[in-house]
Amino acid sequence: ISMNVNAASVGGFLGNAMGPYLSMEMFGYVSLVPNILFVVLFSLIPESPYHYALHGDIDEAEASLKWFRREADVKAELRQLQDFVDGANTDILTKLKDFLLPGNLKNALIMFGLNVFVYASAYNTMSSYAEIVVFNSGVSVTPSIVVMALGFSTIVAGSTAVLLVDTLGRKNLLIVSSVGVAVSLAALGLHFHLLSLNFDPERLTWLPITSLLTFNIFVSYGLIPVPGTLLSEMFPANLKNLASLCIASGNAMLSFVFAKSFQPFIAAAGETIVFGSYGLVVLTAVPYVWYLIPETKGKSLLEIQRSVKQ
């Protein structure tokens, strides 16, 4: 999941790099190339062992486990896998009833609450309005160049996050990420406050650029990759699709609300209040994560499910 998020950052960076120099038609043709590569390469990867086990194809599940684990003997894990997916082939009404059980519903609400902080961090809004924010900050550097640098920093941070998710743990990454994002947003709000006091924007160029860079780095370390990782771990096999659908629908709503309200919020309150408010909201993610988010580092899916039920 972390690699998938990072791949999206690479795509965004390439789009920002090519956009100013290519026509819309040529941009579309060039963008087809990685999509074609994806279709070709992804077809070479075997299906998940969970998929095969869910459909009763145990031989293929064993072969898939061997491919992913790079081990010859996976019998013990295969037995655990069969126990884990036992009863997963249920109808939609049964899945809905299971999803509404207190434990599963609680996990869904916890994930939705976490995603509120993710979108309140303004990362999706920044992706949409990055060049406008840079232009309004009055920096002496060409805004499109700053946006490309921000995209590159996201790639670097995302590549490191792949290694840190299982090393430092989900909760630690989320807490560090939330604090870093909050400080970065506060610094960006401070920059606009100084501009309102008639400070020379050229002498302050370092402040918004540094704030945006640290924002991109910290948000890529935790708030972007970790929720997706947790979503894949906190629900049993028969509810993963339903849980993903519900959470994705909530995310789409949050993305729309925060992106659509950004410019009216700026017009009504100004950048200082807007970025300061975002920073305060994200800072409250720290106690939320500390008390409500389970630590899943180093645990198998079976162990996570047992601990979540408890």
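From the backbone N, Cα and C atoms, a Cβ is placed for every residue, glycine too.
For 1-297, the entry in TrEMBL reads domain 'Major facilitator superfamily (MFS) profile'.
The feature transmembrane segment is assigned by TrEMBL to 26-45 (among others). Here the transmembrane segment (26-45) has long-range neighbours at 11, 14-15, 18-19, meaning same-chain residues at least 6 beyond its ends whose C-beta is under 8 angstroms from one of its own.
Sequence-distant contacts of the transmembrane segment (105-125) (same chain, at least 6 residues past either end, Cβ-Cβ under 8 Å): 99, 174, 178, 181, 185, 215, 219, 223-224, 227, 230-231, 234-235, 243, 246-247, 250-251, 254-255, 257-259, 262, 275, 278, 281-282, 284-285, 288-289, 292-293, 308. Taken from TrEMBL, the feature transmembrane segment covers 105-125 (among others).
Annotation source TrEMBL lists transmembrane segment at 145-165 (among others).
Annotated transmembrane segment per TrEMBL: 172-194 (among others), in sequence order. For the transmembrane segment (172-194), the list of distant contacts is 114, 117, 121-123, 133, 136-137, 161, 164-165, 204, 207-208, 210-212, 214-215, 217-219, 221-223, 226, 270-276, 278-280, 282-283, 285-286, 289-290, 293: same-chain residues at least six beyond its ends, Cβ to Cβ under 8 Å.
When Cβ-Cβ distances below 8 Å are used as the criterion, the transmembrane segment (206-230) is approached by residues 1-2, 4-6, 9, 111, 114-115, 117-118, 121, 123, 126, 130, 133-134, 137, 139, 141, 146, 149-150, 153-154, 156-158, 160-162, 164-165, 170, 173-181, 183-185, 187-188, 190-191, 194, 282, 285, 293, 296 of the same chain, each at least six residues removed from its ends. Residues or ranges marked as transmembrane segment in TrEMBL: 206-230 (among others).
Annotation source TrEMBL lists transmembrane segment at 242-259 (among others).
As annotated by TrEMBL, transmembrane segment applies to 265-293 (among others).
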